[in-house]
Amino acid sequence: MPKFIEPSIEEIKAEKLYSDMGLTDAEYDKVVDILGREPNFTEVGIFSVMWSEHCSYKHSKPFLKQFPTTSEHVLMGPGEGAGVVDIGDDQAVVFKVESHNHPSAIEPYQGAATGVGGIIRDIVSIGARPINLLNSLRFGELDEIQNRTLTRGVVAGIGGYGNCIGIPTTAGEIEFDERYDGNPLVNAMCVGIIDHDMIQKGTAKGVGNSVIYVGLKTGRDGIHGATFASEELSEESESKRPSVQIGDPFVGKKLMEATLEAITFPELVGIQDMGAAGLTSSSSEMAAKGGSGMHMRLDQVPVREEGISPYEMMLSETQERMLLVVEKGTEQKFLDLFDKHELDSAVIGEVTDTNRFVLTYEDEVYADIPVEPLADEAPVYILEGEEKAHNTSKNDYSNVDVNDVFKKLLAHPTIASKRYLYEQYDQQVGANTVVKPGLQASVVRVEGTNKAIASTIDGEARYVYNQPYEGGKMVVAEAYRNLIAVGATPLAMTDCLNYGSPEKKEIYQQLIDSTKGMAEACEVLKTPVVSGNVSLYNETKGTSIFPTPVVGMVGLIEDIDYLNDFHPHAGDKLYLVGETRNDFGGSQLEKLLYGKVNHESEALDLSEEVEKGEQIKKAIRDGKASHVQTVGKGGLLITLARFSAFYGLGVDAKLDVTDAQLFSESQGRYIVAVKEGQTLDIPNAQEIGTVKDNGQFKVTNGQTTVEENVSTLNEIWEGAIPQCMTSAD
């Protein structure tokens with residue numbers, strides 16, 4: 001009698017069970033060709049997750065190849081658990097962003113928590129100690145109960161995991177739009193620091209070397225999680241709650257500390273997190289990168305309950321697990337270490353020279369697959385795109401009611417203060433946070449030095465929807481400006497591409513054009529892509545999200561002394577750097593007045609971005625600028641109001657713009673506060689006003705004046721989200 005009751009080879013083919021797992025007929029036939037026979041149930045499951053969109057990037061790989069991935073600073077780029085970039089003194093910064101969109105839509109707390117846990121393990125698997133977390137979130141409008149529930153759950157999950165494991169959440173962004181109803185975006189980023197000689201790779205090599213499993217015992221949670229993340233959300237998605245993993249931050253903390261100790265052992269050959277596709281992806285990818293084979297004895301895998309089959313073990317996405325390859329004969333040294341940290345561990349296999357991926361359970365073979373086709377030869381699909389029709393109509397902005405629009409935009413949750421939400425995150429644990437949440441970028445000191453790492457995470461949606469190529473440039477440039485605004489030198493970036501179904505021509509074209517724009521911006525701004533993630537099929541009931549590329553970018557501050565007095569003071573002069581044009585297409589103003597965004601804006605000049613960026617950075621480092629704020633969503637008037645509300649300072653400004661241009665979202669602009677007695681030596685910079693301590697906010701363009709108490713602004717800006725979130729459900 002067989003140990004495990006599973007469908008037969010004949011049943012799999014006759015009933016097309018492979019289709020339920022995510023394989024097409026053509027893909028199944030390709031598996032048959034690779035194996036030279038019909039696959040069994042476990043093998044079908046393994047191919048289905050490894051060839052899923054989430055793991056193989058089969059619809060996006062051609063576009064990812066156009067991203068620049070090297071520079072004088074890049075030590076390790078795409079292909080490993082995270083990117084590694086040199087910061088001098090034989091140290092490096094390690095970082096990556098990942099999505100956990102589908103799980104968060106079904107189980108918001110655990111979906112978000114495990115997203116945080118997974119990205120932390122990616123950083124730790126390189127050998128780096130995490131120093132901070134960031135997140136980029138998108139939800140539907142908060143007037144819907146479902147969206148409030150998702151927002152609460154996701155924010156609580158992020159805070160719950162990060163706070164318990166002891167890593168501060170220092171920056172992020174949150175936006176709200178009906179296009180994310182039922183399909184939130186949860187993108188988590190982690191940044192770590194490592195010494196050059198501690199950098200690890202996920203590789204399995206050395207015939208006879210042992211494979212060690214460490215972490216939580218394997219259960220049935222998260223089975224086919226990678227496949228689930230590669231499908232559209234539907235009414236049936238609720239039934240896939242078992243595909244959502246369960247996180248345990250306390251075990252995560254133990255695993256992190258044990259791993260960081262294990263990397264100091266010279267006998268460690270390779271290490272990889274068990275993330276999407278669990279034991280399957282970690283083991284097969286390590287073997288492929290090592291040019292080796294691997295034999296795993298699944299009866300040695302620590303399991304949570306009796307009767308878990310090889311199929312379930314290989315596809316489980318139980319959290320808090322790592323896979324190591326260690327030199328033969330040194331296994332006990334590692335097992336003793338993990339025992340000291342109260343972690344389950346076991347030797348479950350060895351590296352071979354067969355280039356085959358072999359799984360046995362009590363000597364019975366459950367899979368025998370060539371490594372390279374499994375890990376590296378998933379089919380790649382190049383589809384046909386179709387550009388969205390250009391809107392040639394004109395919107396009328398000649399009679400904008402400035403004061404009415406001003407208050408409505410300031411109170412919109414996308415623009416309003418997110419303090420109510422991010423206060424749930426521990427921002428200071430570790431005591432190295434220099435700049436707390438609320439500004440454009442976070443700054444975290446590199447312990448034992450006077451250096452700091454600045455990091456930011458930024459997404460773009462409406463502009464990418466309207467004009468994908470320009471929108472792609474914009475999202476990279478926005479992250480670049482946010483680092484410049486704290487005086488950092490941008491080094492490199494990670495990206496998460498969140499889109500709908502690539503099988504829809506318009507969405508596929510958005511993917512083509514926006515990644516082309518991103519690649520161009522990366523080249524000009526000298527910010528290579530060192531890691532990333534793709535999340536497609538973000539659709540609910542046939543409606544796609546806006547195409548939303550998210551960029552995480554890091555920069556270096558060589559000496560943080562200037563940050564000791566980097567905040568505005570009464571008496572500072574305010575300057576506007578950058579030109580204000582009639583850029584209303586895709587703006588908050590267009591959405592407010594016309595209910596949708598379907599017009600284009602001016603092209604972004606990347607060479608100007610570099611020139612202005614260097615000038616701004618010099619003003620900061622020369623001690624002339626006391627504060628820099630990028631002009632973002634809502635435009636110039638909203639940016640000044642946010643500045644005033646955040647710092648509790650008055651503003652007296654006169655702007656040479658029309659009423660509508662007060663809300664223009666022209667790219668490449670900064671507000672610079674310059675210390676009393678100093679001047680800003682930047683060509684075409686306009687002095688527009690003064691920082692006051694009179695509690696008054698006053699901005700005029702000679703035609704219209706907006707005047708409010710700063711306390712009133714603060715009530716509107718700070719109070720908007722709490723009011724939405726505490727509405728009666």
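Placed from the backbone N, Cα and C atoms, the Cβ positions cover glycine too.
Owing to the predicted nature of the structure, the values given are computational and were not obtained by experimental measurement.
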ATP site partner of Tyr57, Asp495, Gly532 according to Swiss-Prot, chosen from Lys16, Lys96, Lys573, is Lys96
Given that Swiss-Prot records Ser99, His100, Asn101, His102, Arg121, Glu317, Thr318, Gln319, Ser535 as binding substrate, the matching residue among Gln200, Gln245, Gln467, Gln588 is Gln245
CA pair Asp122 (Mg(2+) 2 binding site) / Glu317 (substrate binding site), Å rounded to integer, equals 15
Whole-Å Cα distance, Glu98 (Mg(2+) 1 binding site) to His54 (active site), is 11
Cβ-Cβ distance under 8 Å, sequence separation of 6 or more, same chain as Asp273 (Mg(2+) 2 binding site); the residues meeting this, in order, are Gly81, Gly118, Arg121, Asp122, Val124, Ser125, Ser282, Arg321, Met322, Leu323
Top of the binding-site residues Ser99, Asn101, Gln319, Asn533 by count of other CB atoms within 10 A is Gln319
Same-chain residues at least 6 apart in sequence with Cβ under 8 Å of the Cβ of His100 (active site, proton acceptor), in sequence order, are Gly111, Ala112, Thr114, Gly115, Gly118, Val186, Asn187, Ala188
One should report the C-alpha separation between Ser99 (substrate binding site) and Asn533 (Mg(2+) 1 binding site), rounded to whole angstrom, as 7
Quick note, Asn101 (substrate binding site) and His54 (active site): C-alpha atoms separated, nearest Å, by 11
